[in-house]
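Pulled from TrEMBL:
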COMPBIAS  1-11  compositional bias 'Polar residues'
COMPBIAS  25-43  compositional bias 'Acidic residues'
REGION    1-43  region 'Disordered'
TRANSMEM  119-137  transmembrane segment
TRANSMEM  149-175  transmembrane segment
TRANSMEM  187-206  transmembrane segment
TRANSMEM  212-232  transmembrane segment
TRANSMEM  241-262  transmembrane segment
Amino acid sequence: MENMDDTSGSSFEDMGEMHQRMKEEEEEEEAEGEAGAAEEEDGEFLGMKGLRGQLGRQVADQMWQVGKRQASKAFSLYANIDILRPYFDVEPVQVRTRLLESMIPVKMINFPQKIAGELYGPLMLVFTLVAILLHGMKTSDTIIREGTLMGTAIGTCFGYWLGVSSFIYFLAYLCNAQITMVQMLSLLGYGLFGHCITLFVTYNIHFHSLFYIFWLGVGGLSTLRMVAVLVSRTVGHTQRLILCGTLAALHMLFLLYLHFAYHKVVEGILDTLEGPNMPPFQRVARDIPVVSNAILNTTAKAVALTL
């Protein structure tokens, strides 16, 4: 019996120890679960921070790339100027030779005539024509109210050069003529040399008969030169007639417009904007009152007493 009591007592003790161990294990599992949840929360928080960090880095990289592209464009400006350099790299002797050649028609139809692919000479001729127009307005009876009206002259000359060149180039494309836009600009630009000579002479010597002689002689020679070049680069009689007739008519009529109608058109524009009876701008001197010596002496004494 005593052995049985001892056995039962030890079994109760074992049960208590087992129960205590189970509680400890449950507490350990709960602690591990809480630690795992805390780690998951920390991981989520760190993940949000990492995502924000990635977005920040991407935005910074994009800003860096944009700034780099802008800087490269700024530094490549000199390279863009180099693209235009071949069109203006010409010697003065070559320009002089091409000016003389622009007044000499060459009858050569079997082979395309050579056209200079540079823009320095034509650009200088356009500016020269602008200066001649301003000179003609000063020597004529035109009342200049807004300075020298350089903007109107520049718009007229450059508008004709660029506009007619683009139109003739489009027409040459339709007529299957072998010419580029740069060559068309060069051809029409050098063709303005006859206009410059005619207007410069007739603005200083006011005879209509002299103008018509220069219009037919000098202007006609420069026009025939351009017509001969286009004829050599166009195939077909109809295409040649359309292209060369359009260019000749525009070029000769533009010279008539500059001599007879340009000043009247400018005066009409000024009358429309400012009124027909608007006097030209004048500087008026101000009347300065005479200050007596007594006032000057009194003022000087007051300043001396103050000091």
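Backbone N, Cα and C atoms are what each Cβ position is placed from, and that goes for glycine too.
Keep in mind that this is a model prediction, so the values were computed, not measured.
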Legend entry - Same-chain residues at least 6 beyond the ends of the transmembrane segment (149-175) whose Cβ lies under 8 Å from its Cβ atoms: 122, 126, 129-130, 133-134, 137, 181, 184-185, 188-189, 192, 230, 233-234, 236, 239-240, 242-243, 246-247, 250-251, 254, 258, 262, 266, 269
Legend entry - Chain residues outside the transmembrane segment (241-262) and at least six past its termini with a C-beta under 8 angstroms from it: 133, 156, 160, 164, 168, 171-172, 175, 177, 188, 191, 194-195, 198-199, 202, 211, 215, 219-220, 222-223, 226-227, 230-231, 234
